[in-house]
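Report on the structure given below.
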Amino acid sequence: MFNLIRRDFILQKWQLLLLIFIVLFFVLIDRQHPAFIFLLASVIIPINTLANDEKAETNILLNSLPYTRTEIIASRYLGSIVFIILATGVTSILLYVFNKPFSITDIAISSSLALLLLSFYLPMSYIIKPGYNFPVALISFLILSGIVPPMVSYLSEKFTSFTDFILKLSVPTLYTSALLLGLAFYGTSWCISSLIYRRKAF
Amino acid sequence: MENVVELTNVTKEFKDFSVKNIDLQVKRGFVHGFIGANGAGKSTTIKMMMNLLQPDAGEVKVFGMDYKTHEKAIKERIGFVYDGNVFYEGLHLKDIKRIVAPAYKHWDNALFSQYVEQFELPLNKAIKNFSKGMQMKASLAIALSHHAELIIMDEPTAGLDPIFRRELLGLLQEIMLDGSRTIFFSTHITTDLNRIADYIAFINRGKLVFNNSIHDITENYALVKGRTELLDRDTEKAFVHINRLSTGFEALTENVTAVENTFGDSVVIEQATLEDIMFHMKGGMQHV
């Protein structure tokens, strides 16, 4: 299974290099919040990997090699975590080198959001027809960004007790629970993808 | 004789097509050809052998094991070649090897290098820039470099020129020399099979018509030619399918002695080629 993760590095050696430049660009223009840069860096490679994997040929190849379907999915989920950690590391180094301030909170927010995004995106990519993944992801992202903020502010006004409860939590507790929640979603998503993939025909 | 692959009563249904009740054995140490028209169910059957598709009913066993519990152990011992390129087309052969090799316990780098040299394959060129023949050779080099006992190929000769096809068949004969290997390959170019196959399995409209040794097939089937007046309701029974032409009839029989008894010297009996059998069987299922 380790070999399957290594495969992504071989496949995307140029993209990894490009990633460093993208992060560098955002660090240098200094217009975006560090949490945003962390998030962007974390999800680019896992999403790009899926673009490779949605092809029928890739699935025929992987499934003809001595791997089980459970391993193929596991490598995707573990691989994404590896990429998130790596991207966070690289981004931290670049921010540090160019003397831009960032905090553990930024990393906690970006990592939990990255986990959450991938939790939805990964199983979806195994259902949607090849070739439609990217447009679907883009459209749902736009719709969500239109709907979610007003919905959240509406809910926070309606359920003030819940908002109060959240505001009372200490900052470390809040972000640790966010990260744990992200991981819980990620784990559930992993199980769902495994179930979907096991039944797939190539 | 030991069976390497055993399909028992395998059925797979799709919306507009199905493969039904397939019983197929692939015997160790032989070359098996798998023939049938386009859309007859060859690829579906091969995909079930590779566990790319799971049958709705029936059992698939490879090396006596099933895929539910021994998927890795089985695939470790199979080399595969598909009709299209399944490798990442943007990668160089060198990188494809780096991805594929660690998957196998018995990958043999020296053997791979030997095939690369023998097939004159460039290591530092993207697969998409390979010709169809070279892509095929690259697949074959990868399939042969981990000491696979069973080589499964789906239409390996499709789209290849005759010279390269003959070269490939020669190569397959060469790798069969050590006696432990088994080859199962589908094709619709039947002349390929006369050269190298020991057994032929024939699938028609999702049903396995026969799986016999080439010797049995040439003995069992014959092509009969004669004047149309000879045909009536009784004499027609001797044939699988009859093709009526203005000059007379041409028919396929599974029972040469019966034809000899009925018609005597009034008809010409010739050996049926695989193509004759395929042609008449395909028609035969429709009309008779």
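Each residue, glycine too, has its Cβ placed from N, Cα and C.
Here TrEMBL flags A:12-29 (among others) as transmembrane segment.
As annotated by TrEMBL, transmembrane segment applies to A:77-98 (among others).
Taken from TrEMBL, the feature transmembrane segment applies to A:104-122 (among others).
Only residues 6 or more beyond the boundaries of the transmembrane segment (A:134-155), in the same chain, are considered here, and those with a CB under 8 A from a CB of the stretch are 47, 51, 121, 124, 128. Here TrEMBL flags A:134-155 (among others) as transmembrane segment.
Beyond the ends of the transmembrane segment (A:175-197), by six or more residues, the same chain brings 69-70, 72-74, 76-77, 104-105, 108-109, 111-116, 118-120, 122-123, 126-127, 169 to within a C-beta distance below 8 angstroms of the stretch. If you look up TrEMBL, you'll see A:175-197 (among others) marked as transmembrane segment.
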Distant-in-sequence neighbours of the transmembrane segment (A:77-98), which means Cβ under 8 A and at least six residues beyond its ends:
1, 4-5, 8, 19-20, 23-24, 27-28, 34, 37-38, 41-46, 49, 107, 110-111, 114-115, 118, 122, 186, 189-190, 193
